[in-house]
Amino acid sequence: MSEMVDLKKFLTELGKTQKELKNVIEQAKDIGLELKTNSKMTPEQAGKLYKYIVDGIKEQIQANKPTKNPEQDNKDDLNITATPKPLNKKVSKTPKKEETKSQPKPKKTKEKKKEAPALIAKKKGGIEIVNTFEDQTLENTPKVVSHSQIEKAKQKLQEIQKSREALSKLTQSNTNNANSTNNANNVNNAKKEISEVKKQEQEIKRHENIKRRTGFRVIKRNDETENETENSVAESKKPTQSAAAIFEDIKKEWQEKDKQEAKKAKKPSKPKATPTAKNNKSHKIDFSDARDFKGNDIYDDETDEILLFDLHEQDNLNKEEEEKEIRQNINDRVRVQRKNPWMNESGIKRQSKKKRAFRNDNSQKVIQSAISIPEEVRVYEFAQKANLNLADVIKTLFNLGLMVTKNDFLDKDSIEILAEEFHLEISVQNTLEEFEVEEVLEGVKKERPPVVTIMGHVDHGKTSLLDKIRDKRVAHTEAGGITQHIGAYMVEKNDKWVSFIDTPGHEAFSQMRNRGAQVTDIAVIVIAADDGVKQQTIEALEHAKAANVPVIFAMNKMDKPNVNPDKLKAECAELGYNPVDWGGEYEFIPVSAKTGDGIDNLLETILIQADIMELKAIEEGSARAVVLEGSVEKGRGAVATVIVQSGTLSVGDSFFAETAFGKVRTMTDDQGKSIQSLKPSMVALITGLSEVPPAGSVLIGVENDSIARLQAQKRATYLRQKALSKSTKVSFDELSEMVANKELKNIPVVIKADTQGSLEAIKNSLLELNNEEVAIQVIHSGVGGITENDLSLVSSSEHAVILGFNIRPTGNVKNKAKEYNVSIKTYTVIYALIEEMRSLLLGLMSPIIEEEHTGQAEVRETFNIPKVGTIAGCVVSDGVIARGIKARLIRDGVVIHTGEILSLKRFKDDVKEVSKGYECGIMLDNYNEIKVGDVFETYKEIHKKRTL
């Protein structure tokens, strides 16, 4: 035998509480099952009760099946019966006792049959529960029926058939209307109703497969509906009416309902506030979310239907917690908005409060240990990259003697200091805003010519060697035989091309030499065999080492007598460059630029090294080139010598280089021939630039002129901001001290040169002459001729000068210079320019004063002469004592007085000087406190010029 089902467990399965126990017991009575609070059921009884409560399917339990009342068969077929319990589920809000009293007994109905129709006791707003389904729509809502309704319609048909036999008993007050015709009409109407009910039954079967229920619809049983049921019982006692009369009554009822609904619309009732409304007045919780309630299933206070949600089947247990969080956030937001903005002010302590908050923010920051920053970075950008507080960075620099603002740029030294102070690992990257060249990934890299840079000390024969390679004379065109500009040439050897870059060798052009090393593949260091390694030679080796390029040594001037190549090799070996014949890895090729010996061997060595390196580049795509030199040429405007690194540069291509932009108009090779395109490692002179680009800048080919112009403008804005930021680099203490002592003397200069590379070299050389007392202030520099605007810039200064290199002023400029009293000096050799500016600075500097000791005398006796003063009788112990010379009076090793010897006598005669071992009389100017034992020390002041 199966186990019994406890009623409490049954409630738990239904998702109901103990408060709903009475309703479940009453529903059990509807199917003939008597239950109590602690009762148990068989599984069969529990299943039927579950179907009745959940699905509305009523199956009577045979043991408790109630008997049918025969008196109810006499009721009218179009009215609703009152005595049998309705087949729809009902749950009364009144207690059980009150409900049982309101139900009439069959006996009382039988006794009052011939009297006035007995009314059922008035109920207090019962409710009717109807299942709702997920796919119900607005049209399907009123069609919800159950199997019990179909049984009810069949009972009506049986009652109508029985009413024919009891026709005479029901026609006491209105016999004319109780004829068989009306009964026949009623029968037809009942058949129609049965057919409609069958359609509804099919609709129910369609919904039987839907297991999920969204809730119960509770239909309010108000007084009007109770009156309708009572009236239906009373009317069941009356004789049957005609169909026209019935329709007339229905029409009146609907009109009354419409009037009542109109009154309710004018005076809408306010629903009572739920407990959650106290905590959440502005937030509406939508219980119907994700529950597929459609049509009239949503609760409307104006209707007589209420929807009870079935929440126990949904997995929304955390719904309430989410709603509480939302409600709390809304309350917090409202609380912040209502906050008084002055409630936390504390008078003069407001600033300290902000400082405390500032320190708290700083404590929350996590300092990064390894960062990557661009080469040129501002102070605030460095703080952001390193996740540091800006105030701490500025404070650290201030403690180190640097007065900076957040927009100032940091140099490499400052970055290294900050990295050490904050324990950071910093990698500096050159991330200036440049256009990335679109490389064709599927393109094939092709072999390209090697780029060779000729480097070395001044006058060691670099240009002459390259001239011999090209079989042309170039060095004689350079002033003083010194290369002033970078020269780039293409040389063919064994059907292979080699690109040569000739860099100036003297110290002033170290920047240009460094720039040449950045674009080269192989460095050839030229060293004169009769001169050996010099300072510029060491610098050239350092540049090549920094560029990580292989080095080949060319020992030039081997045609001279008494040369010692082994000595040169030994000097290079001391620097770490061991020759191959000494067991090292560096080639030392003996050459002669005068006779041409060894040049073929040098070229073959270069080509072998290039084959080992396997130099390749992609020829497709936009060009990327390096500007070796820029200048202004008459009739052509701004021109630039470029060497292509990747891609192809053609005539008509748009480009930009730093602040310059334009479109390639013409291209000329080193022999003066016009060409249409440049491939990797090729060199040419291009025209069509908006201005002279700085030497060493990267030229990028772009799609059109608008992109080129935009990128150049961005770069110009960046450089302008960087130049303005340099004004705050001097500390206030240093500046105020120099101004107070009038020690700082400036020489404003305007520098004009024919090429950009020469201009940079001159500027760097002049800035190296600056010191603490005098300084050269470059107020303007540019490429091109001297203009009247240049004169106006320096006209207001006393020592202003305009320096021109390889340019000459016009007649109008010379006349204006005389009016403004401005000196214009032009040069063709950079050495002459630097030496003359050095002399000018030395003239403004105060000379160095040195003392020369001349003699010494000891005081043996003193003589006081009235109206004259004290005369000291002395013996010259060292040197010569002269009249009018400066002397110090020393007593016990301490200088008592410093002055001039006013009178010098030998006995009674005045003398000019007294030699060692002789006696003399000495009188000082305006000083008489001389004692026996004092010492006179005489000296001369010698003024010497400063050196730079």
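Every residue, even glycine, has its Cβ placed from backbone N, Cα and C.
Ranges compared are 316-319, 556-559, 740-743, and Swiss-Prot records region 'G4' for 556-559.
Of all ranges given (481-485, 491-495, 671-675, 811-815), Swiss-Prot attaches the label region 'G2' to 481-485.
On the 0 to 100 pLDDT scale, the domain 'tr-type G' (447-616) averages 77 in the predicted structure.
The residues of the region 'G1' (456-463), classed with DSSP into helix (H, G, I), strand (E, B) and coil, number 2 helix, 1 strand, 5 coil.
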